[in-house]
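Structure, as structure tokens:
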Amino acid sequence: MATACRASRLPFAAATFLLVLLLAGGGAADDASSDDDAGTPRTPGCSNKFQLVKVKNWVNGTEGATVVGLSARFGARLPRDMQEAQKSFAILANPFACCSNLTSKLTNSVALATRGECAFTAKAKTAQAGGAVGLLVINDDEELYKMVCSENDTSINVTIPVVMIPQSAGKKLKDFLDHGASVEVQLYSPNRPIVDLSACFLWIMALGTIVCASLWSELVACEQVDERYNQLTRKDGPNTGTNYREDKEIFEISARGAIVFIIIASVFLLLLFYFMSSWFVWVLVVLFCIGGIEGMHVCLVTLLARIFKDCGQKTVQLPFLGEVLTISVGIVPFCVVFAILWAVYRHASFAWIGQDILGICLMITVLQMARLPNIRVASALLSAAFVYDIFWVFISPLLFHESVMIAVARGDNTGESIPMLLRIPRFFDPWGGYDMIGFGDIIFPGLLVAFSYRFDRVSKKGILNGYFLWLTVGYAVGLFLTYLALFLMDGHGQPALLYLVPCTLGLIVILGWVRGDLHDLWNYGKGRTENVVDEP
């Protein structure tokens, strides 16, 4: 193919395409309820469902920060409503391990004990025998370990609630008690809403991004922006007007390139899994900011040039860059400052807004630069991504003892999270947290949806007898099924492409076969001369 276009944006497209592969799937795991492994013994008195627990506490009458704990497989169930929860004094178990006869008086109190030296069920029985109305077990790290029964526990008779709390929270409570403070605690486990509006908003954001990217070239960029002035790049020739240019830079994906990308992404994912650190996450944050700046710049220049037609024609000469749009020069500082502010305040409660704006702009830009030439290549790419997603979410725990995809997405042991995803807070969830979707879950199906729109336009198909509308509906249904699976599987991480690929690729193949267009869809683009650049 001809290589008439410049390669200035192609490294950005290729690098971004690889980054989104890393988080192609994995709807975020529900962090409020989690079942244990199937091999864990379930015996009479040891069959409770694990639940997150709110541990409200008061020190000398002053309320402290609420601690999040995890209930045990055994023991009494906690009330769902705070109003029904009993407030009790907390007392240190003595001995602190709570494994032998206690010398401390625990009557009508909640015992505070450390993990270790004996089974969890033994601790619970000891605290219960001492008159305690509950037991808080301090873990030896910040993770919430699942307290289960041992194989020797054939019948458990624990009638008090047993909850594990993180090491840091337990140490604070212990220090207060060691210094003679009065500590009261209240334990309850509120229900989560069946449907949170955040999931609906995220569904709209993902669907809207794909539709916007598919229609962008015709409805937004076609009349006002000369593609050569859309970036801070050297002007190649005289201005040819404001009509949309078909020789814009395009990264056309091939079947071979799709497989290579998946292999490279798998290797990189393993490197992240084994060598994940805060500096590694920082590298990804910087790359995300660079991509976000580029994406926001492209989108803003295109939109503003369309709205303010005069600004879209004014240019300025810059050293090394030549003639560029004046509006483009003015937009760059804004985009840079926006990305830097997000990076600085990315842990703030409002940071998700900036992350989503940068992410949406980035994905729209990538979907403008990267294209599927036909569904033959789409089948190779989406099928490979389908297997990739399922393997690293569902099968990898069998080899690596945990889901590699979910561990990397959470940024385990780093205190940071990977930025290549859209997220939105759970507004009405008593446990808080975020609903998330990886960029790959939008870009991979989005490439196929965008192709269907181009195919409909060239083939002069209408809305109903075309493919764009039906693939858009298929994506919406697939994403709905993803969140339904998250709910039905108790919040366990889901490979979203497991549902999205059949609802998009499968749909266009079936529709094309029924309508007699499958041959054209499969071989579309062959023999055509386009100004594109093959993948590296």
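Heads up, the Cβ atoms here are built off N, Cα and C, so glycines get one too.
Those TrEMBL annotations? Automatic predictions, nothing curated.
Record features, source TrEMBL:
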SIGNAL    1-29  signal peptide
DOMAIN    95-173  domain 'PA'
TRANSMEM  201-221  transmembrane segment
TRANSMEM  253-275  transmembrane segment
TRANSMEM  281-308  transmembrane segment
TRANSMEM  320-344  transmembrane segment
TRANSMEM  350-370  transmembrane segment
TRANSMEM  377-395  transmembrane segment
TRANSMEM  436-455  transmembrane segment
TRANSMEM  467-489  transmembrane segment
TRANSMEM  495-514  transmembrane segment
Which listed range (350-370, 377-395, 436-455, 495-514) shows the maximal number of Cβ pairs under 8 Å with respect to the transmembrane segment (253-275)? 377-395
Does the chain bring the transmembrane segment (467-489) near the transmembrane segment (281-308), so that three or more CB pairs sit under 8 Å (pairs 6 or more apart in sequence)? no
Within the domain 'PA' (95-173), count helix residues (DSSP H, G, I), strand residues (E, B) and coil residues, in that order. 17 helix, 15 strand, 47 coil
Return the stretch with the most CB pairs under 8 A relative to the transmembrane segment (350-370), choosing among 201-221, 281-308, 377-395, 436-455, 495-514. 281-308
If you count Cβ pairs under 8 Å, which stretch among 201-221, 281-308, 377-395, 436-455 touches the transmembrane segment (495-514) the most? 377-395
The transmembrane segment (436-455): which same-chain residues, six or more beyond its ends, come within Cβ distance under 8 Å? 17, 19-28, 202, 206, 209-211, 213-215, 253, 359, 362-363, 366-367, 370-375, 378, 381-382, 385, 389, 409, 420-424, 461, 466-468, 471-472, 475, 478-479, 482, 496-497, 500-501, 504-505, 508, 521, 524
Intrachain residues whose Cβ lies under 8 Å of the transmembrane segment (201-221), provided they are six or more past its termini: 227, 244, 302-303, 306, 356, 360, 363-364, 367-368, 422-424, 435-437, 441-442, 445-446, 449-450, 452-453, 457, 468, 472, 475-476, 479-480, 483
